[in-house]
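What TrEMBL says about this protein:
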TRANSMEM  20-41  transmembrane segment
TRANSMEM  61-81  transmembrane segment
TRANSMEM  93-115  transmembrane segment
DISULFID  Cys153-Cys186  disulfide bond
DISULFID  Cys154-Cys170  disulfide bond
TRANSMEM  233-254  transmembrane segment
Amino acid sequence: MHYYRYENAEVSCCYKYLLFSYNIIFWLAGAAFIAIGFWAWSEKGVLLDLTQVTRSHGFDPVWLVLVVGGVTFILGFAGCVGALRENICLLKFFTVVIGFIFLLELTAAVLAFVFKDPLKKWINDFFLTNVKAYRDDIDLQNLIDSLQRLNQCCGAKNPNDWDENMYFNCTPENLSRERCGVPFSCCITGPRKDSVVNTQCGYDTRAPPANWSSQIFTKGCIVALEEWLPRNIYIVAGVFIGISLLQMVGIYLARTLIGDIEKVNFRY
């Protein structure tokens, strides 16, 4: 009777637990994103009245948090369980989805570079759509305010874009106190930043005779974005490369672990 000794008959613990550690972070992060998303919806009463989801005319940032959290959670789960249980199906699912996301990112980057003008028009229309819904969603409102304050801009192209909003337009039919105004995030603040924000500083700023330059930002946010991107191109490229490297590391670890499992299964 002959006895055969199999070398390396076990899956590499190094790759196995590296992949598990890699994915547990994303699994927990995904769970946190989902929890934050549902908490935000509960604060707005969406969970008590789900029809609010379909009635919203603007972009709800919670959707982005939930989608990112859901994808991250599923991938983290597949990677963790696939590594611990040495499940080839889950590991292949993890690899394929990560690879697909990488290709989507690459395609989006190329299309954004090639089709600059259509992209600019789409961003402009998207911003105006959300200007109309500014008062409809508190999260959207905070997002627009943060964007305008950080970039010192107002509206998509100029402050008159706020005529698209029913509360800020200058039509005679508008009886709102905010008529012919802009949100407080458009206001130019002094050198000393007060702890108390004057939320009424934008009232009547566009009413004739209007002196915009001394009261509010006159630059549109699309122009501000066009100016910001060239100044920070290395940061944007660094973030993209960093995310891509993380994805490549995940694919490499999963493919190596799959190879080890298949070798062990073949020998037995």
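Using the three backbone atoms N, Cα and C, a Cβ is placed for every residue, glycine included.
Locations of recorded TrEMBL features on the structure.
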residue: Cys153; record: disulfide bond; contacts (Cβ under 8 Å, 6+ apart): Leu147, Cys186, Phe217, Lys219, Gly220, Cys221, Val223, Ala224
residue: Cys154; record: disulfide bond; contacts (Cβ under 8 Å, 6+ apart): Gln148, Asp161, Trp162, Val182, Ser185, Cys186, Ile216, Phe217, Thr218, Lys219, Gly220, Cys221
residue: Cys170; record: disulfide bond; contacts (Cβ under 8 Å, 6+ apart): Asp163, Arg179, Cys180, Arg206, Ala207
Recorded stretch, among 20-41, 61-81, 233-254, maximising Cβ pairs under 8 Å relative to the transmembrane segment (93-115): 233-254
Non-local residues, at least 6 beyond the ends, that sit with Cβ under 8 Å of the transmembrane segment (233-254): 15, 18-19, 22-23, 79, 82, 91-92, 94-95, 98-99, 101-102, 105, 109
Cys186 (disulfide bond): tally of other CB atoms within 10 A of its CB: 25
